[in-house]
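Participant: Taken from TrEMBL, the feature NAD(+) binding site covers Gly10, Ala11, Gly12, Met13, Ile14, Gly15, Asp34, Asn98, Ile121, Thr122, Asn123. Annotation comment: TrEMBL describes Arg85, Arg91, Asn123, Arg154 as substrate binding site. TrEMBL lists His178 with the feature active site, proton acceptor.
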Amino acid sequence: MARKKIALIGAGMIGGTLAHIAAREELGDVVLMDLAEGTAKGKALDIAEASPVFGKDSHLSGGSVEDYSPIKGADVCIVTAGVPRKPGMSRDDLLGINLKVMKSVGEGIKKFAPNAFVICITNPLDAMVWALREFSGLPHNMVVGMAGVLDSARFRWFLAEEFKVSVEDVTAFVMGGHGDTMVPLTRYSTVAGIPVPDMIAMGWTTQEKMDAIVDRTRSGGGEIVQLLGNGSAFYAPAESAIAMAKSYLNDKKRVLPCAVHLSGEFGVKDMYVGVPVVIGAGGAEKIVEISLNADEQTMFDHSVDAVKGLVKACKDIDPSLA
Ligand code: A3D
């Protein structure tokens with residue numbers, strides 16, 4: 001059987017990390033594409049030269065987005081092309097620049113990889129994945145956004161630290177848009193199946209500490225931006241997108257929080273928002289429409305409104321999207 005092909009559009013901090021993980025995990029051949037051709041080729045060559053040491057076989061190459069033909073026939077495309085935040089910037093400040101990038105990337109994918117499963121990471125995520133889907137014209141189930149896996153991983157790590165238990169035994173859910181309005185769902189977060197509210201009742205933590213963890217989850221991206229001083233998180237975002245790609249490539253049918261196209265689910269139409277979804281060989285196969293209590297619904301609606309504003313801004317900037 002021929003190897004799978006993974007196209008990484010954007011060879012910056014996340015793109016390079018994705019290439020490294022994909023090669024180490026032997027997910028398939030890797031093509032790194034960037035405006036900066038030297039960066040894409042240099043990172044591909046550097047990882048290829050590491051492969052005899054880590055002992056895995058895959059072909060790594062780099063190319064310029066002047067010519068998208070190297071992504072031809074890709075099984076998975078992961079898009080990080082664009083600019084990241086600088087300290088003091090919100091994700092939404094990136095909209096104008098990254099919308100133009102989504103247009104060229106979407107057209108490249110449409111022409112050369114129309115059967116790929118596409119994972120968008122570029123911010124502001126929920127609006128960019130929506131625009132990327134529009135520009136590419138791919139089926140909605142084959143274009144998803146990565147944010148919820150990352151936000152939930154941050155939430156899980158904070159919970160594991162608080163309870164002093166293995167990260168493996170903590171599950172957590174973050175829904176909604178990938179911004180300050182995201183909705184970390186304590187009620188659906190567990191330690192080995194025990195809901196977090198029960199952990200509070202058993203005295204393992206307090207409501208105040210949980211509230212602080214929820215706040216820290218919401219501003220988790222900003223915390224890293226401040227610490228790095230230049231650029232944003234890349235290890236955890238890359239790991240999160242790889243988990244989504246593996247679920248698709250291996251038809252694992254994992255239930256992951258992803259930005260997916262909603263057509264009436266949760267009362268939302270023609271928008272991408274983070275919700276739990278089954279990812280398998282059919283792409284985004286089935287949305288899990290969990291029930292929300294009144295407070296959670298209010299937070300979710302607030303988050304959806306924020307995404308709506310961003311989609312409207314995209315349509316205002318590029319009338320072809322209206
Ligand atoms: P960075 O290291 O700057 O890499 C971006 C790359 O995109 C650079 O190498 C650019 O040269 C390249 N690029 C710019 N324009 C184009 C174009 N038109 N075509 C192809 N390549 C282009 O950034 P990064 O890797 O740290 O982050 C990438 C994106 O992911 C940013 O928009 C971040 O805000 C976003 N991000 C999202 C999350 C989520 O959870 C959703 C987390 C972290 C970062």
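We number each residue from 1, going along the chain as drawn.
Cβ coordinates are placed from backbone N, Cα and C, and glycine is handled just like the others.
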Participant: Calculate the distance in Å between the alpha carbons (Cα) of Ile14 (NAD(+) binding site) and His178 (active site, proton acceptor), and round it to a whole number.
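Facilitator: So the Cα of His178 (active site, proton acceptor) lies 17 Å away from that of Ile14 (NAD(+) binding site).
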Participant: Record lists Gly10, Ala11, Gly12, Met13, Ile14, Gly15, Asp34, Asn98, Ile121, Thr122, Asn123 as binding NAD(+); longest Cα-Cα distance in Å?
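Facilitator: For the residues that bind NAD(+), the greatest Cα distance is 17 Å.
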Participant: Per 10 Å Cβ neighbour count, which of the binding-site residues Gly10, Gly12 ranks highest?
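Facilitator: By the 10 Å Cβ neighbour count, Gly10 comes out on top.
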Participant: Spatially speaking, which of the recorded positions Arg85, Arg91, Arg154, His178 is closest to Asn123 (NAD(+) binding site)? Use C-alpha to C-alpha, please.
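Facilitator: Smallest Cα separation from Asn123 (NAD(+) binding site) among Arg85, Arg91, Arg154, His178: Arg91.
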Participant: Rounded to a whole angstrom, what is the C-alpha distance between Arg91 (substrate binding site) and Gly12 (NAD(+) binding site)?
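Facilitator: So the alpha carbons of Arg91 (substrate binding site) and Gly12 (NAD(+) binding site) sit roughly 17 Å from each other.
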Participant: When you rank Arg85, Arg154, His178 by Cα distance to Gly10 (NAD(+) binding site), which of the recorded positions ends up on top as the closest?
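Facilitator: When the Cα distances are compared, Arg85 comes out closest.
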Participant: Which ones in the same chain are close to Asp34 (NAD(+) binding site), with CB under 8 Å and 6+ residues apart in sequence?
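Facilitator: Within the chain, Asp34 (NAD(+) binding site) has Cβ neighbours under 8 Å at Ile9, Gly10, Ala11, Gly12, Gly15, Ala40, Gly62, Ser64, Val65, Ala81.
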Participant: Far apart in sequence but close in space: which same-chain residues, 6 or more away, have a Cβ under 8 Å from Arg85 (substrate binding site)?
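Facilitator: Listed in sequence order, they are Arg91, Asp93, Leu94, Asn123, Gly221, Val225, Ser232.
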Participant: If you count Cβ atoms within 10 Å of each one, which of the recorded positions Arg91, Arg154, His178 comes out on top?
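Facilitator: Of the recorded positions Arg91, Arg154, His178, the highest Cβ count within 10 Å belongs to His178.
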Participant: Which residues in the same chain, at least 6 apart in sequence, have a Cβ under 8 Å from the Cβ of Ile121 (NAD(+) binding site)?
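Facilitator: Counting only residues 6 or more apart in sequence, the Cβ neighbours of Ile121 (NAD(+) binding site) under 8 Å are Gly10, Ile14, Ile78, Val79, Thr80, Gly145, Met146, Pro237, Ala241.
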Participant: How would DSSP class Ile121 (NAD(+) binding site) in three states?
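Facilitator: In the DSSP reduction, Ile121 (NAD(+) binding site) maps to coil.
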Participant: If you pair up every Cα among Arg85, Arg91, Asn123, Arg154, the residues annotated as binding substrate, what's the maximum separation in angstrom, rounded to an integer?
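Facilitator: Taking every pair of listed residues, the largest Cα separation comes to 18 Å.
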Participant: State the count of C-beta atoms found within 10 angstroms of the C-beta of Ile14 (NAD(+) binding site), not counting that atom itself.
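Facilitator: That number is 27.
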